[in-house]
Amino acid sequence: MATSYSSLFHSSLASTSLTHKHKHLHCNPKLAFPRRRYPAVVSCSASSDHHSSSSTAAAAAAATKFRRPSDENIREEARRHRSSANTTFSAKYVPFNAGPDSPEWYSLDEIVYRSRSGGLLDVQHDMEALKKFDGAYWRDLFDSRVGKTTWPYGSGVWSKKEWVLPEIDPDDIVSAFEGNSNLFWAERFGKEFLGMSDLWVKHCGISHTGSFKDLGMTVLVSQVNRLRKMKRPVVGVGCASTADSRGYSVGCASTGDTSAALSAYCASAGIPSIVFLPANKISIAQLVQPIANGAFVLSIDTDFDGCMKLIREVTAELPIYLANSLNSLRLEGQKTAAIEILQQFDWEVPDWVIVPGGNLGNIYAFYKGFKMCEELGLVDRIPRLVCAQAANANPLYLHYKSGWKDFKPVRANTTFASAIQIGDPVSIDRAVYALQNSNGIVEEATEEELMDAMAQADSTGMFICPHTGVALTALIKLRQSGVIGPMDRTVVVSTAHGLKFTQSKVDYHSKAILDMACRFANPPVEVKADFGAVMDTLKTYLGNKSF
Ligand SMILES: Cc1ncc(COP(=O)(O)O)c(C=O)c1O
Ligand SMILES: N[C@@H](CCOP(=O)(O)O)C(=O)O
């Protein structure tokens, strides 16, 4: 189960003081830059762009080598190349799923997490402005930015800046060049366990803080950085207090990954962060991340849903900016993982994308990323989405099985997939929308199923987290029932790095889990430091093995 850190760590946690000391611009893009050529913002994307006038290959090579003066950093270089074309596009908050006639909207520079009716918000882009450029233009633009260090496009998120936060000044962006995560061809796993040849794992967890949360957090913390520079006071929904812009911090409730990302990005920008963690319900690796990054860490004797309730109450009273995915800014970054998948397939659309779900922001983020690509002509359809939940924390699954009748939160039980131990997901409406509009499916995984799937995947060269085990279980079930075919191109989204969850692997491989057969356990063999003993052991092993 999720590591009980009380014995290992809680004593030091207790004894140590962890207190760390709209406008919407519309301009004619033809005036800004000619069609089919990169806009000025793009000209920052590749060093060769700056030197296209070089007449010889040698000059071009030299120019590439010295693309900026030695006393200039990449931010300054970006500033030198910047133009007003940055403001061609715009975005605003609108009530989630509001019709086109809804008059309610907010500037992204306002601090607002909920609509007037108390519903969720969404970031709505000026699609008409984006549509002035065709799909081929956007595909080429995004492709041109991959693998560069040009600020801020070296990031997989900010390489899609026009679709994310179009109006933010690159100077305000806080980025670890996140995204561009590898899409792993799961050749052996697909072939041996599922008879599939086109199975892929999108490793969003191979990232700065080890989870997909980095994709959203770079956007949220960048916007906070901008607001602080603008000296915008934080006035939360229902918040009585205002504060000097320099005086507020950013906070979240977390099952361990949001807190890690928040604290890292805040630390990088020098912004104070506060994290509410459910005591003894996250892994040690996750716990130590915000501690190391200097966040103010509250270990609270409740579960994630309890922490979420508390942070919502607290952010309504204190000048603390809410960093959970209730804040729709986060999803703008997370949606770029969907765009990346299409990009990695050369803009061919996979048949299925399977995403583990907890607070349920990410499944909507994927939907939104795919949908924008369809609407803007980069692709002609979207994949079918599957949301996978742990059976011990399965409110969405129950809702789906009831035919989307009344949604009822559940009390989430302990699960090895501790980051999705959530019973009352804030983004339930977003998830239902995403699934209904993508011909989607919800599946669940028991503890034994998810741990076996994780062990099987690891045995084929991956090192995944239990949440990815949940997603793989959904795939196994849908293959077995024939819903997913052997030739279907399928992407399983891996949401966190396996190294954050080593205790669950240790428990599994030492067969130390009550009522679990641990069928794929591979425990180490203890051998005396003696040549004969080692030889005997190896001969037995080699004799039993069919390679
Ligand atoms: C590792 C991991 N996987 C999956 C999820 C689920 O994402 P979401 O809450 O957006 O559904 C989370 C967080 O909730 C997570 O930390
Ligand atoms: N798994 C999450 C839970 C909170 O989700 P969020 O996307 O709403 O921040 C975590 O790591 O905390």
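Cβ atoms are placed via backbone N, Cα and C, with glycine included.
In TrEMBL this protein carries:
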COMPBIAS  48-64  compositional bias 'Low complexity'
REGION    48-84  region 'Disordered'
COMPBIAS  68-79  compositional bias 'Basic and acidic residues'
DOMAIN    175-495  domain 'Tryptophan synthase beta chain-like PALP'
MOD_RES   Lys213  N6-(pyridoxal phosphate)lysine
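Look at the compositional bias 'Basic and acidic residues' (68-79): DSSP puts its residues at 6 helix, 0 strand, 6 coil. DSSP assigns Lys213 (N6-(pyridoxal phosphate)lysine) to a helix in the three-state reduction. As a whole-number mean, the pLDDT of the domain 'Tryptophan synthase beta chain-like PALP' (175-495) in this prediction is 95.
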